[in-house]
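Colleague: The substrate binding site feature in Swiss-Prot is assigned to D21, F22, N23, R36, H59, L60, G61, R62, R119, R154; the stated evidence is sequence analysis. As annotated by Swiss-Prot, ATP binding site applies to K207, G299, E330, G357, G358, D359, A360, with the evidence given as sequence analysis.
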Amino acid sequence: MDRLTVRELSPEEKKVLVRVDFNVPIKDGKILDDIRIRSAMPTIHYLLQKRAAVILMSHLGRPQGKGFEEKYSLQPVVEVLEGYLGHHVPLAPDCVGEVARQAVAQISPGRVLLLENLRFHPGEEHPEEHPAFAAELSSYGDFYVNDAFGTSHRKHASVYTVPQAFPGRSAAGLLMEKELEFLGQHLLISPKRPFTAILGGSKVSSKIGVIEALLSQVDNLLLAGGMGFTFLKALGKSVGNSLVEESGIELARRVLHIAQQRNVRIVLPIDVKVAKACTPAVSWTEVSIDQGIPQDLEGLDIGTKTVQEFCKIIDASSTIFWNGPVGVYEVPPFDQGSMAIANCLARHPSAITVVGGGDAAAVVALAGCTAQVSHVSTGGGASLEFLEKGFLPGTEVLSPSQE
C-alpha cells in the first residue's frame with residue numbers, strides 16, 4: 001500500500017475527521033443490514049484507543065441536496081453505533097454551519113461525533129460548490145481518514161477535495177486498506193488460476209470498462225442478468241420481451257471478439273426462467289435459449305441447466321469474482337439462480353471467492369453464506385472501478401506512505 005494508513009498517524013488528543021460509508025438500507029426507520037457500519041468499527045475503535053476525538057461523516061441515499069430530509073437522516077445509524085461502542089454518540093443536526101461547528105468544538109478525546117448526511121448540501125456532489133463545502137469540513141480535524149471504500153470511486157467533496165487540505169495528514173482507514181490489499185493481491189496482481197468472473201446486472205455500457213479489463217485477467221467470464229440478454233441478442237438469439245440494452249449490442253459484439261482473440265471463455269445462459277410479468281405469483285416456465293424465448297415472455301432468471309453449467313465452472317476455478325445478480329433476486333422464484341451461485345461459492349473453501357458488493361453481497365447475505373466467502377466487498381461500483389483502473393480517485397489524493 002503506497003498511501004499513508006491510519007496506523008502511521010499520531011492522533012492522540014487530536015480531532016480526526018473520518019469519511020465512512022454508512023449508506024445502509026433502511027425501512028420504517030430500521031436498518032436492514034449494518035455490514036457497512038460493522039466494517040468501519042475497527043478504524044473507529046483504533047482511533048478511540050489512541051485517545052482521538054473521532055468525527056464521522058457519511059452520506060445516506062439520494063436526497064435532493066436542498067437541506068434536511070427526515071427520510072435520509074443518519075439518526076437510525078446512531079442507535080447501531082451506540083450498540084457497538086457502548087456509549088452515547090451525538091448526531092450533529094447538520095454537517096456544516098454553526099450547529100456543526102459547535103458540535104465539533106464540544107467533542108472530547110475518546111468520544112465519537114456523527115455529522116448529519118453530507119448530501120443534504122449540494123456542495124458534496126456538485127464540483128462548482130466543492131471548495132467552500134470542503135473548506136468548512138476540513139476545518140474540523142487535525143487529520144483526515146478515508147474508510148469509505150464504497151464511495152471512493154466518486155470525486156465527491158468529502159472523498160476527493162477534503163483530503164487535499166491535509167498534506168501529509170490524510171490516510172486510509174483499516175477497511176480501506178483491507179479492501180485494496182485483498183482485491184489488489186488476489187484479483188489484479190497474482191490471482192490463482194483458473195480465474196472466473198461472474199457479472200450480472202442490467203447494462204453492458206456501465207460495465208464495459210471492467211469487462212474489457214477482466215478480459216486481460218480471467219480465464220472464464222460468465223455473463224447473465226439483463227446484460228446476458230444483450231449478449232444473447234448480439235449473437236442472434238431470440239430473447240422475447242427480455243431486458244436488452246439496444247445501445248449495448250455493438251459493445252457486446254466487440255467484447256465477444258476480444259475474448260476470442262485472448263482465448264477467454266465467455267459463458268452465457270443456455271436456459272432461462274421466463275414469465276409474462278415479474279411478480280411472485282406469476283406462472284413461469286423454463287425455456288432453452290436455442291429454442292428461443294417467445295415474444296410475449298421475458299427472461300427473469302437463469303435456468304436449471306445454466307445453474308449446473310455455471311457451478312461446474314466455479315467448482316473447477318481457484319479464483320472467483322462475482323458482481324451483480326443473475327436474475328431478479330428480489331422476487332421469488334426468480335432468486336433461485338442467484339441463490340444457487342451464492343451457495344456454490346460457499347461450498348468451495350479451497351478457492352479465493354470475492355463478492356463485489358452491491359446486490360451480489362445482498363444475495364450472499366440472504367443465502368446465509370457471507371461467512372463462507374473469502375471476501376465480501378463493501379463497494380459494488382468501487383470494486384469494479386478498482387479492477388478496471390487499479391486505483392480509485394478517493395485513494396489517489398491521500399498522503400503518500402512514509403514507510
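Any Cβ shown, glycine's included, is placed from N, Cα and C.
Help me see these features in their spatial surroundings.
Modeller: Annotation for N23 (substrate binding site): same-chain Cβ neighbours under 8 Å, separated by at least 6 residues, are R36, S58, H59, L60, G61, G150, T151.
In the three-state DSSP reading, A360 (ATP binding site) counts as helix.
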Colleague: At its widest, how many Å does the recorded ATP site span between Cα atoms of K207, G299, E330, G357, G358, D359, A360?
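Modeller: Largest pairwise Cα separation, rounded: 24 Å.
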Colleague: Quick check: in three-state DSSP terms, what is D21 (substrate binding site)?
Modeller: coil
Colleague: Sort out the sequence-distant neighbours of G358 (ATP binding site) for me: same chain, 6+ apart, CB within less than 8 Å of its CB, listed by position.
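Modeller: Within the chain, G358 (ATP binding site) has Cβ neighbours under 8 Å at N323, G324, G379, G380, G381.
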Colleague: Pull out the binding-site residues from the set K207, E330, G357, D359 whose C-alpha sits within 10 Å of the C-alpha of D21 (substrate binding site).
Modeller: none
Colleague: Fewest neighbouring Cβ atoms within 10 Å: which of the binding-site residues D21, E330, D359?
Modeller: E330
Colleague: So what sits near G357 (ATP binding site) in its own chain, CB-to-CB under 8 Å and at least six residues off in sequence?
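Modeller: Sequence-distant Cβ neighbours: G150, N323, V376, S377, T378, G379, G380, G381, A382, S383.
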Colleague: State, in Å as a whole number, the widest CA to CA span among the substrate-binding residues D21, F22, N23, R36, H59, L60, G61, R62, R119, R154 given in the record.
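Modeller: Per the listed residues, the maximum Cα distance equals 18 Å.
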